Structures are given as structure tokens and as C-alpha cells.
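Engineer: I'd like to ask you about the structure that follows.
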Amino acid sequence: MENSEGVKIESTVVTEEPLISALDIALFVVIITVAYFWYFKRDKQSSSSEKKPYTIQPSSLSSIEQTSNSSFIKKLKSTGRSLVVFYGSQTGTAEEFAGRIAKEGARYKMKGMVADPEECDMADLVEMKEIQKSLAIFCIATYGEGDPTDNAMDFYEWLQNGDADLEGLNYAVFGLGNKTYEHYNEIAIYIDQRLEELGATRVHEIGLGDDDANIEDDFVSWKEKLWESVCSHYGIEETGEESNIRQYKLVDCSEVLPERIFSGEISRLKSYENQRFPLDVKNPYLSKIAVNRELHKSGDRSCMHIEFDIDGSKMRYDTGDHVAVYPKNSSELVDKIGELLNADLDAVFSLLNTDEESSKKHPFPCPCTYRTALTYYLDITSNPRTHIMKELIEYASDPKDQEKLKLMASSTPEGKKEFHEWILRDNRNIVHILEDLPSVKPDLDHLCELLPRLQCRYYSISSSPKVYPKSIHITAVLVNYTTPTNRVNKGVATNLLAQLIPTNDELPQPTIPIYIRRSQFRLPPKSQTPIIMIGPGTGLAPFRGFIQERDYARKEGREIGEMVLYFGCRKKDEDFIYENELQEYVANGTLTKLHLAFSRDQPEKKYVTHLLEQNADELWNIIGEKSGHLYVCGDARSMAKDVHSIIVKVVMEKGQMTNSQALNYVKKMEQQKRYSADVWS
């Protein structure tokens with residue numbers, strides 16, 4: 001048997017023993033002594049904690065401060081504001097739109113502020129009714145497969161799971177989406193409807209911006225009608241004052257010590273010299289380029305196979321994930337801006353927010369040189385939006401240049417047409433505008449305030465961590481094209497990558513900042529599940545990883561399901577990328593079938609969509625009879641749409657369904673993650 005202390009006692013002695021032995025007494029004394037000291041030590045600690053609560057629990061003070069800072073209601077009340085514009089932004093466009101709305105509020109006697117929902121306690125929306133003539137506007141982008149942006153995720157979940165009473169909240173929503181994607185503006189539409197369900201009052205109908213067409217035009221048109229609705233709802237009138245009030249003020253930083261000056265870091269000073277974990281979008285990893293080789297065999301185009309070395313970085317990725325690459329602008333374009341504006345690009349400066357209540361003190365890491373800002377932080381190659389045209393008017397000394405800018409900044413049909421033709425169709429960036437309107441000489445610090453942030457570029461990872469745990473592979477086409485004005489525009493990221501060629505000697509290898517973005521583009525959990533992969537051109541990239549992973553499983557002795565790949569390119573002898581690898585996978589049985597379409601190797605063009613139509617029986621056998629998975633990667637505008645139509649048609653014919661039933665079947669496949677798309681426009 002065992003006593004209360006777990007000590008096993010032999011029971012073979014039959015002679016009579018006293019009721020309480022010496023051992024029992026000793027154990028009792030020990031227990032009493034331990035209990036005494038434990039009690040009084042705890043009591044002493046308790047007394048100490050009552051006297052010095054912040055010394056023992058510093059997190060309590062921190063959380064109190066954080067809660068206070070996250071209250072946008074307190075900021076509105078303390079600064080006499082009535083307008084707050086929230087943004088859900090992945091690339092910066094929604095944030096830019098939010099800033100423009102908040103700035104225009106002054107024209108309608110509504111002092112505004114911009115707010116990041118991730119940094120706010122959104123439950124405070126219930127208190128908006130306490131502010132007279134208050135208004136909350138939401139500029140919300142839909143990201144990925146109908147997902148909220150990272151910074152709007154908590155707000156989205158709060159709306160889904162909560163039941164706050166939002167009666168008295170006045171609101172309006174503008175969505176940013178892309179019609180080539182299935183879940184067009186899904187998040188903005190949900191937020192607009194959910195706010196109404198919770199009792200809020202919609203001041204103006206939702207606006208839906210289409211980035212595949214002209215999202216700037218969509219936004220401007222919606223914004224004009226928004227202010228009409230605001231004036232009507234609140235009984236106010238426009239002041240008529242057109243003001244270009246600066247959001248940031250220039251600070252001379254010529255005396256700042258060199259070690260305090262940013263030189264291209266995303267957020268933390270000297271972060272590339274002293275890498276810290278965890279690594280994320282604001283703290284990328286400075287990766288060495290291990291391999292950079294050409295995939296095209298001939299022709300005038302280039303496609304690069306690049307391998308990033310992540311050994312020792314603690315970075316982990318899954319097959320199907322994306323890698324973000326942080327580019328920098330070409331020195332040629334940067335120098336051109338300095339030349340056109342006669343500016344000292346090596347002067348050190350800072351831009352400080354004039355709104356002391358704003359959580360965003362600087363538009364990009366400051367202090368830095370103008371050269372650093374134009375190289376690493378500002379987008380100088382995209383088409384500027386209309387508000388930039390408006391801000392440039394005051395810097396034009398030639399009346400003709402002034403009139404042209406005024407026209408393009410206007411919302412008249414003539415102005416929209418001129419902006420579309422001269423900026424969008426002719427593909428002019430800020431450098432081209434300054435070249436073609438020579439009297440326009442903006443202050444460089446103001447230009448740095450106006451230009452949007454340079455964004456990282458995402459690439460589908462074309463490797464499997466099972467096979468390549470210490471490197472990340474991408475497949476990237478070099479982007480170069482001639483504009484209608486006979487200028488050569490170059491892709492920011494791909495042209496930089498093309499220059500980063502590793503050497504075989506002891507010289508330092510080229511590096512570039514990267515980080516991993518998780519994806520829902522995943523292989524089935526079971527390796528036996530059959531799959532169909534449709535990926536023309538660089539759409540092959542994630543499927544290279546899929547095939548590697550299944551091949552790894554086969555070599556381990558596991559059973560793998562059918563793998564059917566549809567790949568297409570222009571010419572077999574020019575741009576059939578990874579040809580030898582794919583043929584080897586066919587030979588060893590990992591790749592069951594390889595359907596190839598070379599569009600220009602015969603008189604009539606032949607695409608993967610033609611092959612899909614020809615192989616209807618095989619398609620239905622896998623996605624219908626065997627409940628397999630189907631994946632599409634590549635162009636969203638035409639290819640992905642055509643594939644979807646073909647799949648619906650095959651389901652109708654082979655599954656003997658009506659069009660409605662076939663659409664529901666494909667929709668169910670998508671919901672079950674059996675039909676996945678990784679596409680771009």
C-alpha cells in the first residue's frame with residue numbers, strides 16, 4: 001500500500017505497532033514547518049504588491065497607456081473634430097484615399113483625422129453619437145480571395161462576432177477591389193451592410209472602386225457625390241475654399257548624426273546591419289542571392305530563376321506561399337528628378353506631421369536624404385493620381401502648363417478624358433510629367449509628401465521546403481516595355497533582380513530584403529488526392545513546388561495521387577521553362593500527364609484552354625468522380641476567367657447538370673478548397 005506521501009510500505013510485519021510512530025511525528029513536523037514558511041512568505045509578497053503595484057506589474061501601466069492611445073473618440077473630442085476616416089490598406093492606396101477625404105473635410109466645416117483600425121479600439125464607434133454632426137468613413141480594400149487587409153482583420157472579426165448597438169453612428173464606405181477577381185469588393189460590401197444591421201445610418205451609398213479599370217475615376221466620382229449627401233444630411237454648405245494645406249512640415253536635419261539617418265530600412269534604424277526576430281512585413285530579412293539564371297533559351301524576352309538564401313534566418317515557408325521582395329528605384333530616374341528640380345539629393349531632411357494627434361508622425365522613415373527617399377521609399381514609376389495634378393498647379397509658371405494640370409485635376413468629362421489619355425494611356429510617371437511640363441518645379445519636400453509609398457512586390461514561391469528548406473525560389477519575367485511616348489518603362493523589382501548576379505569569388509554576394517506572406521494556395525492534406533494544375537507561363541511557379549513536394553513523398557515510399565499539369569508558352573524552343581525538370585517528373589511517374597500548348601509554334605494559336613476543352617473526360621474523372629482538386633495560376637483578366645467557364649461547362653456536360661447546378665457545384669468546390677486560384681491582373 002501507499003501512504004499520503006506516496007511512500008510504499010511493506011506490510012509483512014505482524015507484531016503490534018504503536019498508533020503513532022516516530023516516522024509519522026517527524027513527517028508531521030516537516031509538513032507544519034513548510035506550511036508556516038509558505039504562508040508567511042506569501043503574505044509578505046502580498047503586502048509588498050499592495051505598496052508597489054506598478055513595480056511588480058509594469059504590464060498594467062503599459063496596457064492602460066495603450067488603451068488610452070487607441071481611443072480615437074478621445075482624440076476627436078479633444079481636438080474638436082467630427083470626421084474620422086478609417087482605412088483597410090494592403091498597398092497604401094486606401095490609406096491615400098482616406099487622407100484625401102479627411103483633408104477635404106475642412107471645406108465642409110468637418111475637421112477630420114485618418115485612423116488605422118488596427119491601432120484603434122473600434123468598439124468606441126458606439127460613442128460617435130456623442131459628437132455633434134459626426135461621420136465615420138471607411139476606405140476598405142478587399143485582398144486575396146475575399147479577405148480583409150491585415151490591418152482591418154480585427155475590425156472585420158469584431159463586426160462578425162459582435163452585436164454592438166451602433167444607432168447614432170453616421171457612416172459611408174468606399175471599397176477598393178478588382179473586377180477580374182471573383183470576390184470583388186467583398187469586404188467593403190460586408191462592412192457596409194453589417195454597419196446598417198447594427199443600427200448605423202448610411203449617409204451615402206457604397207462606392208466600389210475597380211483597380212482593373214480606373215479606380216481613381218471611381219473614387220473621385222464617388223467622393224463628389226459623397227459631399228453632396230453630407231451637405232444634405234447635415235444641412236451644411238461647402239465653404240468654397242480650395243486649400244492645399246500641407247499634411248507634413250519640412251524639418252532641416254543637416255545637423256543629425258550619421259548613425260541616426262535612415263538609409264533604406266523599412267522601419268527600424270540599422271535593421272539590415274543588426275537583424276532581429278521576428279521577421280515580418282516591417283522587418284524583412286536581408287537575403288543573399290544564391291542563384292540567378294536565365295530560363296528562356298532564346299528570343300528577346302527574359303525569365304529569371306532566382307534563389308534566395310534563407311539559411312540561418314529562422315524563416316519557414318510552405319509550398320504555395322508568396323515571397324515579398326523590397327525593390328528600389330533606379331538611380332537614373334532618381335538623378336533625373338534631382339536634375340529637373342535643381343535639388344541637392346544628398347541633403348538630410350525630415351517630414352513631420354502637422355497633426356500632433358496623428359499616430360503617423362512621418363510618411364516614411366525619417367530623417368533621411370532626398371536620394372534615399374526617392375530610391376527606397378517613394379513610388380516614382382507609377383501613374384500619379386489626380387490630386388497630385390491639383391497640387392502641382394501652384395508650381396507651374398507657364399499658364400499653358402497650369403491650364404493642363406487644372407484640366408486633368410478636374411472632374412469634368414473633358415478633364416477625365418485628358419487625364420486618361422495623357423497620364424494613363426501614355427503611361428506617364430512623375431519624371432515624365434516634369435519633363436513634359438518644364439515650367440512645373442515643385443518643392444522636393446512637397447513632392448516627397450505627395451508621392452505614394454514604394455510597395456514590395458509579391459512572387460509565388462516556386463520551390464518546396466521539403467526539398468529546399470534553406471532557400472526560396474521564384475520565377476520572374478523581366479518587365480520592359482515602350483510607352484506611346486517612345487519611353488522605355490522598366491519593372492522596378494525585376495530590373496533590380498536582373499542586376500543581382502552572384503559571383504563565384506570571395507566578394508560579398510548581392511542581397512535584397514524579403515519576407516514570406518502566407519497563402520491559402522495549398523496541396524490537399526492527403527498525398528493520394530489527385531490534382532489538376534493549370535499554369536501557363538510563370539503561372540507554373542507554384543506548381544513547380546507542388547510537384548517537388550509530391551516527388552519527395554513518392555521517394556519516401558508514400559502513395560501519391562494523379563498529378564496533371566497544363567502548361568503553355570509561346571514557343572517550345574524559346575520559353576518552355578523548366579522543360580528538363582518537367583520531363584524528368586513525367587519519366588519517374590510523379591507527373592502523371594503533361595499537357596503542353598505552344599501558342600506560336602503553328603499557324604493557329606493554341607492555348608491551355610483549348611487543351612482543357614479537349615480533355616473534358618479527364619477533367620471530370622478527377623474533379624467529379626474522384627473528388628480531386630483543381631488549381632489555376634496566372635492571368636486573372638482572361639485566362640482564369642476562361643478556365644472557370646470551361647470547368648462549369650464540363651461539369652454541366654459530364655455531370656449531367658443544369659447551368660445553375662454546375663455553378664453551384666463549382667462554388668462548392670471553391671468553398672471546400674478543391675478549386676483554388678492564385679492569379680494576378
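Every residue, even glycine, has its Cβ placed from backbone N, Cα and C.
Relevant sequence annotations retrieved from TrEMBL are reproduced here:
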TRANSMEM  20-39  transmembrane segment
DOMAIN    83-227  domain 'Flavodoxin-like'
BINDING   89-94, 141-144, 176-185, Asp211  FMN binding site
DOMAIN    282-524  domain 'FAD-binding FR-type'
BINDING   Arg301, Thr538, Ser599, Arg600, Lys605, Lys606, Tyr607, Val608, Thr609, Asp642  NADP(+) binding site
BINDING   Arg457, Tyr458, Tyr459, Ser460, Thr475, Ala476, Val477, Tyr481, Gly491, Val492, Ala493, Thr494, Trp680  FAD binding site
Engineer: In Å, rounded, how far does the Cα of Gly144 (FMN binding site) sit from the Cα of Ser599 (NADP(+) binding site)?
Structural biologist: 29
Engineer: Note down the number of other Cβ atoms within 10 Å of the Cβ of Arg301 (NADP(+) binding site), including every protein chain shown.
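Structural biologist: So the number of other Cβ atoms within 10 Å of Arg301 (NADP(+) binding site) is 13.
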Engineer: I'd like to know which of these binding-site residues, Ala141, Val477, Ala493, is least surrounded, judged by other CB atoms within 10 A.
Structural biologist: Val477
Engineer: Which residue among the binding-site residues Arg457, Lys605 has the fewest other Cβ atoms within 10 Å of its Cβ, if you could check?
Structural biologist: Lys605
Engineer: On a C-alpha basis, identify the one among Tyr181, Ser599, Tyr607 that is nearest to Trp680 (FAD binding site); the candidates are the binding-site residues.
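Structural biologist: So, of the listed binding-site residues, the one sitting closest to Trp680 (FAD binding site) is Tyr181.
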Engineer: Within 10 Å of the Cβ of Tyr607 (NADP(+) binding site), how many other Cβ atoms can you find? Include all protein chains, please.
Structural biologist: 16
Engineer: Report, in whole Å, the straight Cα-to-Cα distance of Gly92 (FMN binding site) from Arg457 (FAD binding site).
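Structural biologist: It is 13 Å, counting Cα to Cα.
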Engineer: Near Gly92 (FMN binding site), how many other Cβ atoms are within 10 Å of its Cβ?
Structural biologist: 15
Engineer: For the domain 'Flavodoxin-like' (83-227), jot down how many residues DSSP puts in helix, in strand and in coil.
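Structural biologist: Going through the domain 'Flavodoxin-like' (83-227) residue by residue, I get 65 helix, 35 strand, 45 coil.
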Engineer: Near Ser599 (NADP(+) binding site), which residues of its chain come within a Cβ-Cβ distance under 8 Å, counting only those 6 or more away in sequence?
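Structural biologist: Ser599 (NADP(+) binding site) has long-range Cβ partners Gly568, Cys569, Arg570, Lys605, Lys606, Tyr607.
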Engineer: With an 8 Å cut-off on Cβ-Cβ distance and a minimum sequence separation of at least 6, pull the same-chain contacts of Tyr459 (FAD binding site), or say none.
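Structural biologist: Looking at Cβ-Cβ distances below 8 Å from Tyr459 (FAD binding site), excluding near sequence neighbours, one finds His322, Val323, Val325, Ile474, Thr475, Ala476, Ala541.
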Engineer: When you look at Arg457, Tyr458, Tyr459, Ser460, Thr475, Ala476, Val477, Tyr481, Gly491, Val492, Ala493, Thr494, Trp680, which the record names as binding FAD, what is the longest CA to CA distance in angstrom?
Structural biologist: 23
Engineer: Hey, how far is Asn178 (FMN binding site) from Val477 (FAD binding site), Cα to Cα, in Å?
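Structural biologist: Asn178 (FMN binding site) and Val477 (FAD binding site) have their Cα atoms 23 Å apart.
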Engineer: Using a 10 Å cut-off between Cα atoms, which of these binding-site residues sit near Ala493 (FAD binding site): Ser89, Gly92, Ala141, Tyr181, Arg301?
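Structural biologist: Taking Ser89, Gly92, Ala141, Tyr181, Arg301 one by one, none has a Cα falling within 10 Å of Ala493 (FAD binding site).
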Engineer: Tyr184 (FMN binding site) to Thr609 (NADP(+) binding site): how many Å between their Cα atoms?
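Structural biologist: Their Cα atoms are separated by 24 Å.
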Engineer: To the nearest whole angstrom, state the Cα distance for the pair Arg301 (NADP(+) binding site) and Val477 (FAD binding site).
Structural biologist: 8
Engineer: How does the model score the domain 'FAD-binding FR-type' (282-524) in terms of mean pLDDT?
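Structural biologist: Mean pLDDT across the domain 'FAD-binding FR-type' (282-524) comes out at 96.
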